[in-house]
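> One structure, as structure tokens, below. Some questions next.
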Amino acid sequence: MMAATVVSRIRTGTRWAPVLWLLLSLVAVAAAVAAEQQVPLVLWSSDRDLWAPVADTHEGHITSDMQLSTYLDPALELGPRNVLLFLQDKLSIEDFTAYGGVFGNKQDSAFSNLENALDLAPSSLVLPAVDWYAISTLTTYLQEKLGASPLHVDLATLKELKLNASLPALLLIRLPYTASSGLMAPREVLTGNDEVIGQVLSTLESEDVPYTAALTAVRPSRVARDVAMVAGGLGRQLLQTQVASPAIHPPVSYNDTAPRILFWAQNFSVAYKDEWKDLTSLTFGVENLNLTGSFWNDSFAMLSLTYEPLFGATVTFKFILASRFYPVSARYWFTMERLEIHSNGSVAHFNVSQVTGPSIYSFHCEYVSSLSKKGSLLVTNVPSLWQMTLHNFQIQAFNVTGEQFSYASDCAGFFSPGIWMGLLTTLFMLFIFTYGLHMILSLKTMDRFDDRKGPTITLTQIV
């Protein structure tokens, strides 16, 4: 990580442990923050006292663009006018942890030249997590502050340049990074980048040119785990397998001059003669999905999905919807008239009239299926060889704006099994309470042996 480079400045064993533990805690915290939005930044200069110790590198802190400008302004105004920007394609603080030799294996470090530069630099600053937006505008910011255009250089062109301490210069050195196990391993690439940094700095030092250098990346090379990793403890997470989040595919969109019909389902499965096929991956997120036959107008719409081959034939699914005005509610309502499955010249019809709602809304239902155990919203008048199940089904064919669904009218009725259970339980408890209250109010004093008109009962005490 970024902080691992600072560790190299501490040579004695007595000072190693506390600093190492502090920096490793920064690694754990930065790994828990959304790393796809932050990259590390290392700054060092040949001038002294350009940066005060950073007080904001506490747990979870991310350096914003405004904070970064407060760190850079003193160096650009008071420091050397020659600025080097080592810009890597990908870099994360985890790279410094994995390949920086922070556990004492200094001979295996892939950042030996960078660590040596930080050791010898009179001024340095390490920011483990900088906001991606701040880094994306860093080159433009440096250009405005220095008043010099960025010059892309390599080792060959750098040796030919004659830098002047009084004239501003912004030198941009691009460093590659390969995170895959392709032609080169990440350690080899990082080591090669570190050698480039060492050669560039050696060239400047040989010419006795003062400079300020920065190392950062365009984007992170790794994606950190969830923030819950810190709250739950790192120890238990080390051997656990990270569960991949399910991919969210975009809805099917039928367009003529604008998006007209939107259709989405988390799972789209069809069966013919009890042989099931999952059409989800063939339907959503597919650029060349066959929508031939689809059409739309203000009162009628049809979404036609054609697959070939499917069950050994060309199969077309047609979702037919209509929008009508109802005077009672004084608004337009849409209804899915039917669902048709065309195959080998035959047509299977399903009645889907329960798929309905105001035309300004979309329709959503957890299950739209021909199976009885999943609601049977797809109803056929005659026995059919076809079955269909749509999980988390959503459709909108009228008043579509852009590629997003409107507010959804859900199929869940008010008197669901859970609601019935709650109502019956409440009524039963209310009956018990009413009966108990009635019994309490019906209590009477025991006056059976108390005759107020008769003689007084006298009890003689016998000793």
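Using N, Cα and C of the backbone, Cβ positions are placed for all residues, glycine too.
I grabbed these lines from Swiss-Prot:
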type	residues	note
SIGNAL	1-32	signal peptide
TOPO_DOM	33-412	topological domain 'Lumenal'
CARBOHYD	Asn164	N-linked glycosylation site
CARBOHYD	Asn255	N-linked glycosylation site
CARBOHYD	Asn267	N-linked glycosylation site
CARBOHYD	Asn290	N-linked glycosylation site
CARBOHYD	Asn297	N-linked glycosylation site
CARBOHYD	Asn344	N-linked glycosylation site
CARBOHYD	Asn351	N-linked glycosylation site
CARBOHYD	Asn399	N-linked glycosylation site
TRANSMEM	413-433	transmembrane segment
TOPO_DOM	434-463	topological domain 'Cytoplasmic'
> Within 10 angstroms of the C-beta of Asn344 (N-linked glycosylation site), what count of other C-beta atoms is obtained when all protein chains are considered?
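A count of 9.
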> What glycosylation sites in the list Asn164, Asn255, Asn267, Asn290, Asn344, Asn351 lie within 10 angstroms of Asn297 (N-linked glycosylation site), counting C-alpha atoms?
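Within 10 Å of Asn297 (N-linked glycosylation site): none of them.
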> For Asn255 (N-linked glycosylation site), name the DSSP secondary structure in the helix/strand/coil scheme.
strand
> Quickly jot the same-chain residues contacting the transmembrane segment (413-433) by Cβ under 8 Å, restricted to those at least six beyond its ends, or write none.
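Beyond its ends, the transmembrane segment (413-433) has no Cβ neighbours under 8 Å.
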> Summarise the model confidence on the topological domain 'Cytoplasmic' (434-463) as a single mean pLDDT, whole number.
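Summarising the topological domain 'Cytoplasmic' (434-463) by its mean pLDDT gives 74.
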> Using DSSP reduced to three states, classify Asn297 (N-linked glycosylation site) as helix, strand or coil.
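It is coil.
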> For each of the glycosylation sites (Asn164, Asn290), count the other CB atoms lying within 10 A of its CB, then report the residue with the highest count.
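Its Cβ has the most other Cβ atoms within 10 Å: Asn290.
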> Which secondary structure state does DSSP assign to Asn164 (N-linked glycosylation site), in the simple three-class scheme?
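In the DSSP reduction, Asn164 (N-linked glycosylation site) maps to coil.
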> Which of these glycosylation sites has the least crowded Cβ, counting other Cβ atoms within 10 Å: Asn255, Asn267, Asn297, Asn351?
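Relative to the other glycosylation sites in Asn255, Asn267, Asn297, Asn351, Asn297 has the fewest Cβ atoms within 10 Å.
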> Measure from the CA atom of Asn399 (N-linked glycosylation site) to the CA atom of Asn267 (N-linked glycosylation site) and give the result in Å, rounded to a whole number.
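So the alpha carbons of Asn267 (N-linked glycosylation site) and Asn399 (N-linked glycosylation site) sit roughly 25 Å from each other.
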> For Asn351 (N-linked glycosylation site) and Asn344 (N-linked glycosylation site), what Cα-Cα distance in Å is obtained after rounding to a whole number?
21
> Tell me the Cβ contacts of Asn399 (N-linked glycosylation site) under 8 Å, same chain only and six or more apart in sequence, or just say none.
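Listed in sequence order: Ser359, Ile360, Ser406.
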> Could you round the CA separation between Asn344 (N-linked glycosylation site) and Asn290 (N-linked glycosylation site) to a whole angstrom and send it over?
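Rounded to a whole number, the Cα-Cα distance is 17 Å.
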